[in-house]
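One structure is given here, and the rest of the page talks about it.
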């Protein structure tokens, strides 16, 4: 009973009985002011986002419905004609195919390689800490720098072929000059560049796996492979999601390496990607309207694939 | 709250207003001078110091102008100029940008006859009778530069005068395990693979029909016609016989030149600008030069005249920009510098190159002067500017298609059909 009295005594009085509370605005009445202040702080960011992202996207969508060519005015509205032309354009379809191949290779290789290396580096010694830095270095380097380095390695007179010749290979492959190989060389370069990113994300995931779980699995008689399959791999689901989505986006927007190393060649479109084709069509062919349609299709492809993959992988995370 | 928003907007507008004000003031440099932007490109021959000195000399002759130098990210200055134009930032003065497209769209200012009176070929590169790029120099494209030591070792005593003799030279070199032609075109330097085709088009097409591209524009001829196909087939045959190494297509322009210097091939079909490079930085062998030979040995000299500065029609002060452009291109010291650094053959009345030029440059100029004497000057395919030129962007497409030709992915007929198709797309 005494406890109940205590509770009653400690219940605060109703606000409307407190004269002081009538002078103070309630939390609810202060909400608009808070929102207004928040909006003010968000305004520069929103303006920048609108100006540099939303407006260009809107302009691209608009141009894609025109025949805009700065060297062949006037600009006329052509409806969906550009999109219709894209369906029968062998150069665009080739670029789309190349983009899919590069994206698939980069997504699989960088994920697998990143996971293997992360597993090897998941040790708390100084050597392994230093090696993590080494693997991450390509991620922070400019794509152009990386492209120049790999161009020096892969050209006919480059480092790789010089080594191959030194060990007796008289006719080494044309890594960048053979149309049948160059696309895979480009995919490899992008994979190499992204490997460090995957390693770091997987390492973070590995360090989030509770040691107790692995130890419990060991006590239950699970070997290293079973422990990885049943304990570690399920716990890496969020890391897999992040890496896969990032690699998909990187693969789909591949441009820098192609521009620097092959210029879309050797030949007509052997390594041209969608992003490369957009720029070439706009600034070499001067067909801004048509290239805008390409860009719009590219945006739709990247967004659709990213959303689908994200959903699938996030569902897997929940199931795990 | 409202007061906060109003304050925020006022602040934002003030900042924006200040920015605009500062930008407008930027065109009028201090001391009442007009600031003009000048787009240049850098190469190993034409480096930053070269451009800075040349700009300073021209600016000294035109008071009231301050030049802000802009540098292209690679040698494709025309492509970069298009990007700048698309974003509304076309420079006021532009060096060696192909005026095709810009001129027809009214983006470049035309030079008057009086302004062009100091040039040897004042109407070179004219578009509808008007000149939009100063015709300040001539280049022979291609000249076949060759390794005299490699020729001697293969038992070749004379340079080829006919195309069959050229094939014989190739066979002799190949028999000695020497790749006859060094060719490049890797990375952004795809253009560097064009020159054998520029040679065969000159000898097999332009020598008979000098205005062939004008006729193509009029729909009278096509790239699939027999004479053009024959010119293309010659290049395909050179590759098929192993006289051109397809692996070289991965080499950048600089790497290609280095490959020739390193003796990785005996002949280097290149523009006349290589001459001073060979003189200034001598390879470990003696370099000779001969023109691309025709079937019957009759002289054909493919050249390009133009390549100077252009002026934007929307420049802050067009007349002042044109005055500065003329001062830049007609300055004797500037032309001496161009000759020494880039092997140019100035097309300025009364100009004589420095007396101390090297042997390869002199051999190159001899080829040009012989061409003038023989009346055998024709256009250099894919290098043309003006009315009889490829539509904007098609030269790049042609250079990529040459790679297909060399790697065997396209036949001569397919190459012609591809160019016809691209022509249609470029002009629609």
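Glycine is no exception: its Cβ is also placed from the backbone N, Cα and C atoms.
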Exercise. Tell me which range among A:236-255, A:256-275 TrEMBL lists as transmembrane segment.
Key: A:236-255
Exercise. Quick one: sort out which of A:209-229, A:293-313 is the transmembrane segment according to TrEMBL.
Key: A:293-313
Quiz item: Between the stretches A:38-63, A:133-153, A:181-204, which one has more Cβ pairs under 8 Å with the transmembrane segment (A:293-313) than any other?
Solution: A:38-63
Exercise. Take a look at A:38-63, A:100-121, A:133-153 and tell me which one has the most Cβ pairs under 8 Å to the transmembrane segment (A:181-204).
Key: A:100-121
Practice problem: May I ask for the residues of the chain that lie six or more residues beyond the transmembrane segment (A:100-121) and have a Cβ under 8 Å from a Cβ within it? | Solution: 128, 131-132, 135, 183-184, 186-188, 190-191, 194-195, 197-203, 205-206, 228, 236, 240, 243-244, 247-248, 250-252, 254, 273
Exercise. Report, as numbers and ranges, every residue of the chain located at least six residues beyond the transmembrane segment (A:133-153) whose Cβ falls under 8 Å of a Cβ in that stretch; write 'none' if there are none.
Key: 117, 121, 159-160, 176, 185, 189, 192-197, 199-200, 256-257, 260-261
